[in-house]
Every structure is written in structure tokens, then in C-alpha cells.
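The block underneath contains the structure these notes are about, expressed in C-alpha cells.
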Amino acid sequence: MAGDKKYITAEELERHNKPDDLWISIQGKVYNVTDWAKIHPGGDVPLLNMAGQDVTDPFIAFHPGTAWKHLDKFYTGYHVKDYQVSEVSKDFRKLATEFVKAGMFEKKGHQVIYSLCFVSLMLFACIYGVLRSDSFWVHMLSGALLGFSWIQVAYLGHDSGHYQMMTTCGWNKFMGILIGNCVTGISIAWWKWTHNAHHIAVNSLDYDPDLQHLPMLAVSSHLFKSLTSCFYGRKLTFDRFARFMVSYQHWSFYPVMCVARVNLYLQTLLLLFSKRKVPDRALNILGTVVFWTWFPLLVSCLPNWPERIAFVLVSFCVTAIQHIQFCLNHFGAHVYVGPPKGNNWFEKQASGTIDISCYPWMDWFYGGLQFQLEHHLFPRLPRVHLRKISPIVRELCKKHNVPYTSLSFYEANVHTIKTLRAAALQARDLANPIPKNMLWEAVNTHG
């Protein structure tokens with residue numbers, strides 16, 4: 001009977017927010033997921049970030065309908081007293097239900113086949129150009145093709161990581177390692193670890209790893225306070241070297257993006273050989289070894305070192321387009337300090353994302369991620385549907401007076417550079433000015 005229900009307050013629920021005492025609520029029912037967090041397919045970070053809160057909206061966003069049947073074994077017997085749902089959350093949940101009934105999460109279209117064929121063609125052309133031509137310019141074109149193929153492969157890896165690409169979790173995992181680790185050298189395990197945290201805590205300066213780029217970049221003066229990263233578990237030190245780099249970040253942004261791939265390789269190796277629990281560590285290491293076998297061999301087929309270096313740089317510079325795009329989606333959006341909250345899921349996703357407007361024939365180029373808000377609200381939805389739901393999401397934002405930002409690629413670049421410049425000027429105005437010999441001191445201090 002309803003009168004026999006046991007209740008706890010939201011304040012009491014919030015006390016269960018530690019790794020060894022982790023409770024959440026979904027639709028007012030309270031669940032103890034302390035042990036589950038250790039084996040949660042999405043990692044423990046999303047659960048830890050949302051501990052002690054209602055997580056109904058993110059649960060709906062990230063999980064298929066089959067996940068609901070597994071909740072009963074975690075049920076504590078408690079309900080949240082005076083559980084309420086905001087109007088925007090009601091509409092979001094209604095919209096998610098409509099998409100499920102329409103079968104949109106299962107209708108993946110033929111985009112995967114087209115992309116795989118396109119990538120295969122570019123990789124073949126790249127290898128053919130390296131092995132069969134003696135022309136320097138053909139070799140550079142081959143490097144550019146390799147870069148473009150990495151961009152498209154990254155979109156496919158993103159799809160597989162969100163279980164959009166294949167029909168089963170097992171096949172998605174296999175494709176993630178094959179096209180992520182083996183083809184690009186970037187671990188799908190590293191991607192899931194960081195990307196799930198990014199989705200949950202989008203644009204939180206201390207919880208979202210995608211905004212934690214010190215000492216090279218800082219999107220907000222809040223980072224000048226040397227915040228502690230709750231993701232990495234260490235302080236984001238804003239020292240003299242960081243101040244110098246940030247002071248000129250609006251000039252260094254594009255050059256940094258051209259070599260950003262090096263950092264992704266480094267992050268992959270640091271995770272795979274760390275003490276942290278990594279799902280499928282052996283397979284991820286094996287896939288990474290495959291990449292570091294074929295890629296150096298391909299480069300070694302070029303006739304001399306100048307061409308080899310130029311080939312690698314060209315491929316990296318082309319992939320910078322994608323790194324820039326990801327920055328455009330978030331760097332100029334609203335940021336905040338603190339953990340994400342489950343009771344304003346829709347609002348936080350909207351304020352922390354920027355869509356990039358383009359013609360439909362350019363959707364392949366952006367991998368569907370130009371619809372950043374739509375993807376953040378429905379991360380499991382195959383990209384083929386994102387343009388279709390965009391007007392619906394826009395109207396929902398308008399109805400509830402929630403920001404919906406969509407800029408052209410050029411406008412998004414200008415907006416991002418203005419954001420970086422504003423932070424750069426604030427860094428220069430700090431009380432302790434940077435001495436003229438700062439660069440030499442920084443090199444000696446940081447090696």
C-alpha cells in the first residue's frame with residue numbers, strides 16, 4: 001500500500017555520496033549502487049559524480065529500456081519524500097519515450113557502411129600513394145588522406161562507444177578497439193573513461209576533463225585559482241608557466257590543435273599502463289601495439305626523414321580540424337564550478353553546448369556532432385536522426401526559455417577565440433606580472 005512506503009528526504013539521500021556509500025534515486029525510488037559502481041559498464045565516474053542525487057534524466061539518456069529491469073536488485077526500499085519533476089524534465093522524458101516508440105534508437109540507417117567504405121578508400125589511396133609514387137606532393141596528399149580517414153574513423157569510434165554503430169554491445173566493443181586502437185592509436189578505453197565524464201558534467205571546470213587543459217589553455221579565469229580536478233584527482237596548477245601560455249592562447253590555439261594528437265597518444269599510454277582498473281586492458285594494449293606497428297612502418301616507406309616528418313605533420317594538421325570542432329562545441333559555452341546536478345540535466349546540457357550549423361550535405365564532415373546539444377540529450381541516438389530532431393529540441397528550448405546556441409563554423413571559431421582572448425587578457429592582468437625572461441625560466445623549470 002502507498003501508506004506503507006518508507007521515505008527519506010533529498011538531504012538524507014545526498015549524504016550517501018561516497019565511493020563506499022553510493023546511493024542514487026530514479027523516478028523517486030532510491031537505489032544502493034555502491035558495489036555496482038565498481039563494474040558499471042560506463043565506469044564509476046558517472047555514478048560518483050551524480051552520487052546522492054536524482055539521476056532519472058541522465059539514466060534515461062544513457063540507457064536502453066532493457067536497463068530498467070536490472071534496477072530492482074539495487075532497490076533500498078526507500079522513496080524520496082516530496083519527489084518532484086520539473087516541467088522541462090517532463091517534456092524531455094516524454095520526448096525520449098516518443099523516440100523509443102518510433103524505433104529511432106534501433107534505426108541506424110546505412111551511414112556506417114558508407115563511412116567504412118569511404119575510410120577504406122582513403123586508407124587504400126594513402127598507402128598506394130606512399131608505396132607506388134616517388135612524388136613529394138603525392139606523399140603529402142597521402143598524409144592528408146590519412147588525416148581525413150582518422151577524422152572519419154574517430155566519428156565511427158564515437159558511434160561505437162555510444163553503442164550506436166552495431167546491433168550488440170559485444171560488436172560495438174570489438175569495432176571500438178578495431179577502429180579506435182588499431183587504426184588511430186587512441187584507446188577506446190581512454191575515450192570512454194573521459195567521454196562519459198564529459199557527458200555527465202559538461203562544462204564543469206573541475207569535473208569535465210574536456211575543459212582541463214592547463215598549462216596550455218584555460219577557458220575561464222576560475223581556472224587561475226588552481227582548481228582541483230575531481231576527474232584526475234590532482235590540482236590543475238596555474239603557475240608561472242601556465243600563466244605565460246594562457247596569456248597568448250588566442251594566438252597559440254590553432255598551432256596547439258595541430259599537435260593535439262600527440263597528447264591523445266600520451267593519454268592513451270598513461271591510462272593503459274596505469275594502476276587504474278581498465279576494462280579490456282589487454283585488448284586495448286594489443287590494439288595500440290597494432291597501430292604502433294603499421295603506422296611507423298608506413299612512414300618508414302617514405303624516401304627520407306624530411307618527407308617522413310612532413311607526412312606526419314600534414315596528417316596531424318588535417319586532424320586538427322576535428323580537434324578544433326570539438327573545442328568549438330564547448331569552449332565558448334557557459335561554464336561552472338562544482339559537480340553536475342541531476343535536477344537540471346536538460347538545462348546544463350543546453351547551456352554547455354554549441355551547435356554548428358551547416359548544410360545537410362556536410363553532415364558527413366562533422367560526423368553528426370555539429371548537433372552537439374541533440375547528441376548530449378540523446379547520446380544513444382544514431383547520428384542519422386540528429387538533424388531530424390533538431391527542430392524539436394529547438395522548440396523545446398524555446399518553450400522553457402532554455403538557451404539553444406547554433407553558430408556557423410566561422411562564427412563558432414570567432415566566438416571561441418574571443419573566449420580564449422578574454423581569459424588571456426585576464427591572465428596578463430594578474431597581480432604578479434610575467435617577467436621578460438619568463439620563457440627561458442619556464443623551459444628550465446619545466447624541462
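All residue numbers here begin at 1 and follow the chain in the order shown.
Cβ atoms here come from the backbone N, Cα and C positions, even for glycine.
Among the features that TrEMBL reports, domain 'Cytochrome b5 heme-binding' is placed at 5-89. Feature annotation from TrEMBL assigns transmembrane segment to 112-131, 137-158, 170-191, 253-273, 285-302, 309-326.
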Exercise. Quick one: find which recorded stretch in 112-131, 170-191, 253-273, 309-326 has the most Cβ pairs under 8 Å with the transmembrane segment (285-302).
Key: 170-191
Quiz prompt | Per-region confidence, the domain 'Cytochrome b5 heme-binding' (5-89) (mean pLDDT, whole number) | solution = 91
Quiz item: Residues of the same chain, at least six outside the transmembrane segment (112-131), with any C-beta under 8 angstroms of its C-beta?
Solution: 138-139, 141-143, 145-146, 148-149, 152-153, 155-156, 159, 165-166, 183, 298, 301-302, 311, 364
Quiz item: In the domain 'Cytochrome b5 heme-binding' (5-89), how many residues does DSSP assign to helix, to strand and to coil?
Solution: 32 helix, 22 strand, 31 coil
